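Have a look at the structure below before the remarks.
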Amino acid sequence: MGSKDIADVGQAGILVLLGTVLSMFSGFLFRLIGARYLTTDQFGLVVLGISLVNIVSLPCLFGLNQGVVRFIAAERNGQYRDTYITVSILTVIAMGGVAGFLGFLFKDTLKNELFGSATPDLLLYMFLCTIPIFALLKLVGGILRGEMNSKGFVRISKIIRPGSKLILAGVAVFVFGTSMSVAVAFFVSILFTTSAGVYLVWAEGWQPQIDRSAKITQLYRFSLPLVISSSIFILLSYLDKTLIAYYQSPDHVAVYEVAVTIASLLGLFRSAFGFLLYPKLTEQLADGNESIIAPMYQQTTKWILGLTTPAFAALALRPDFLIFLFGEQYEVAEIKPLLVLLGLGLFLNAVTGPNGEAMLGFGRSKSVLIYNTIAVSINFVLNLVLIPKYGLIGAATASLLGYTAMNVLKSIDLYIMHNILVVSIESILMSIASFTVVAFGLVIVPANSSMILEIITLSAVGVISGGMGVLMLWMTGGISEEDRNLVSKFIKSIQGNI
């Protein structure tokens, strides 16, 4: 049973991985089109508006996008499933409405302090109207995750949302060429995706109802600390951009966004393989199978580490061709140091695995809140100190230290409280071997002036380094039965689709 459950995490991870590749690629193109074909100040306003939507949606969610995952996954007969979904949706809609109203009330302050006094009111209105709809979309993702509906999650979050955003934003940029048109496109894409997501939840059997015998109070009590902790990535990703806009200008936000966009590629495999881990942990704990948790977690981080290491090495050592994609106005010399700092933080965040989700599986949302609050506080204070003095380098340094603090604290906690070592020695040796091969390969193979040849070169080096990592894993006895089960399931799924 344990081996099957671990393989299920990997199999769902592969499905979500494929969807995440499409999502990240379309998100990459979205930012690429904006950076190349909008002026830096117009692109900066778009980035700032999307940052505002992401940050303000956090309190609207009330932590329910993570809390509902645990309560749905722990349900035996599904008696209260509809109640938890209904209560969560009503709460998020109400909180989103309040947030939007407050935004309209203080629009002049927002415009003068962040966007600039010359920013059209309509641009700000569009982003404010997007907030409650975006929050509901995040909740829908949590509901699908709690139901372990990886196919539905991929359709909504990884295909429909980024695809509609890319298509509509592309039309807006090439036809109108203004930040206002992109804001409208963003609003329409979120509205369309949210409608599709709610319909999918309803089609899967949700019937709006509230059963007062359900553990509604416990749901709120568990979710409340997650207002901050469940969305730490969003806070660390968007808080610095907001402060850059405050201390510098939207132009600097655009430059920083290019570095963040490239570095965010390192979160691909963590997002994919961590998708099913949280609800699976909750399910196993509810069944009294705590002994399976440690091997399940280490197996997941092994997959993440093996796939992320070559990508990190390539991005840190030779990211020039990716930077060139965004246009001549973005200089390699300015962005590369930012990329190294941000990449290191996101690499650490990836390879330590979904430690926060694991703690939530144990029901320790308050501890997660404490650690995430420490990380966000460090990030916020360092941004206040470093951005005025060091600019974008200061913001990237603050993010690196914030990610480091968060992951070190959670990893130590998992080891002390639950005897879970987040990364095995065999996995670390595999990572070292992979990184060494990439570094050596990029030293002996010169950079290509042709982008296609450069992509082929980096891909070849990555495949070789991955093979060396697998060899090291085999030599150290790190290849497990779960690895073989995952490969077997993956091959069978491919054969079944041919």
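Glycine too: its Cβ is placed from the backbone N, Cα and C atoms.
Model, not experiment: these values are computed from the prediction.
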Stretch carrying transmembrane segment according to TrEMBL (options 45-64, 165-184):
45-64
Can you tell me which recorded stretch out of 45-64, 303-326, 451-474 has the most Cβ pairs within less than 8 Å of the transmembrane segment (421-445)?
451-474
Could you pull out which residues elsewhere in the chain have a CB under 8 Å from any CB of the transmembrane segment (84-106), counting only those six or more residues past its ends?
56-57, 59-62, 64, 67-68, 71-72, 124-125, 128-129, 131-133, 135-136, 139, 142-143, 198, 201, 206, 208-210, 214, 216, 219
Against the transmembrane segment (259-278), which of these stretches has the most C-beta pairs under 8 Å: 45-64, 303-326, 338-356, 451-474?
338-356
Top stretch among 45-64, 338-356, 451-474 for CB pairs under 8 A with the transmembrane segment (303-326)?
451-474
So if I exclude everything within five residues of the ends of the transmembrane segment (451-474), which remaining residues of that chain have a CB under 8 angstroms from its CBs? That is, six or more out.
302, 306-307, 309-311, 313-314, 318, 321, 324-325, 426-427, 429-438, 441-442, 445
